[in-house]
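Data first, discussion second: the structure below is written as structure tokens.
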């Protein structure tokens, strides 16, 4: 049998509590009775009634054609036609649509968290948290305020920790205490600063360095207790008293060792000698400056400016550093310096040594504390202050700046090339080149003139060649070779022309046709040797007969 809500409120307006208290009664209990009719639906309406052929009207919370299917989780009401409005994981009543809130939420749609200090189911449980902690609205778990810990936030952070969840490490030093909430340091006596890292400034001590030290005579005050630490020569609670007579030093723990009635200085134990005495303990008698002897009646023979002291009894001179001799008149011998000239100089390369301190005075060409370093390239002389002026040099002497010339150069500054016929270092080698060949001033190598060859240019070009390095080939016919220098053809007798390829003209004969024929009376001349071939009727060497 279908039911309906018995209440005066509408479902959309009712609270969850009102809906839970509603009573359902069968549908139709207060409705006019209708006459039963023959069922119009083929399938029985499980949770509803048949209102027309094969049409069921479902009760709230049910759906489907025969009202046999319960509403899905997000729907409610007749035929499950209404969508639930619940939030935060709340479930929806399939009949009324009322929201059943999860723990920690409240409100018609479960949209609100529990009120402050409440949690759990229907927000009915009261939080147990202390010290300003907040309570989780669902579980009731305490979320502690900074500086507290424990299940109910009942305990402050343990020593050395502070802040949220007590996770921050306290920065306090030197025994300072850390506030469990803020982490602020409370410093012990003698310390100040944000982390108690600074001791009290000079003249103060105690908590917050608020107390003033009262130590006297430069006594130091302990920044924690204020106790005075006296300087040498003083004692007392406030360091107000000098050491008793005969004692000195820190805590007056040392005994004085002064003789001949001398007084002892209470701070360092130094003896204040009476007149006529000297020495650390005033143990030595001494004469006024310049005198010696048992009654100080003799004049010291020492040269005053060079003397440390004159022995008060013997008059023996003790010379100052750098001086020697019976009366301190002599400088230290070469190689020695200092008091008594006992120290050995450590200078190199012929350097002189200062007789007083032993400082090296370098010879020209050297520098350094011990004069062991030669001048850098390009410099020479005393303290390497002069610049070399060489040209074409191998090197410049670091001592006097003299130039060592490269091969092929000469002169004071190596600016003059070797004169003709010489070569090498200092141009002291003689060239061996012949036949006007050029000589390299650096290495003496010969550069041959045209027509000559070999190391010293003393051999002419081989037959058939001529010119520079004998590279040219002769181009001659009917010739006895060519000139090794010019390549000019040396024509055989009876021939002429540049290439010796032309026979001598009539009346000429001999090499290069340089001779005139002497034949007479119509005789002809041989171009090779000038022999006359006489005309008919004549004879003789010149055809004269």
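Quick reminder: no glycine exception, Cβ is built from N, Cα and C everywhere.
Per TrEMBL, the features are as follows:
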DISULFID  101-110  disulfide bond
DISULFID  144-153  disulfide bond
DISULFID  187-196  disulfide bond
DISULFID  230-239  disulfide bond
DISULFID  273-282  disulfide bond
DISULFID  534-543  disulfide bond
DOMAIN    81-111  domain 'EGF-like'
DOMAIN    124-154  domain 'EGF-like'
DOMAIN    162-197  domain 'EGF-like'
DOMAIN    210-240  domain 'EGF-like'
DOMAIN    248-283  domain 'EGF-like'
DOMAIN    509-544  domain 'EGF-like'
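Shown here: features listed in TrEMBL, placed on the structure.
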residue	record	Cβ within 10 Å
101	disulfide bond	24
110	disulfide bond	22
153	disulfide bond	21
187	disulfide bond	23
196	disulfide bond	21
230	disulfide bond	23
239	disulfide bond	21
273	disulfide bond	21
534	disulfide bond	19
543	disulfide bond	20
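The Cβ of residue 144 (disulfide bond) has 23 neighbouring Cβ atoms from other residues within 10 Å, across all protein chains displayed. Look at residue 239 (disulfide bond): DSSP puts it in coil. DSSP places the residues of the domain 'EGF-like' (509-544) in helix, strand and coil in these numbers: 0 helix, 8 strand, 28 coil.
With a cut-off of 8 Å between Cβ atoms, the residues of this chain six or more beyond the domain 'EGF-like' (162-197) that come close are 144-149, 156, 205-209, 222-225. Taking the Cβ of residue 282 (disulfide bond) as centre and 10 Å as the limit, one finds 21 other Cβ atoms among all the protein chains shown.
A Cα-Cα distance of 149 Å separates residue 534 (disulfide bond) from residue 196 (disulfide bond). Separation of the C-alpha atoms of residue 144 (disulfide bond) and residue 110 (disulfide bond): 26 Å, rounded to the nearest whole number.
On the 0 to 100 pLDDT scale, the model's mean across the domain 'EGF-like' (248-283) is 88. Assigned with DSSP, the residues of the domain 'EGF-like' (162-197) fall into helix, strand and coil as follows: 3 helix, 9 strand, 24 coil.
The two recorded residues, residue 101 (disulfide bond) and residue 153 (disulfide bond), show a Cα separation of 28 Å.
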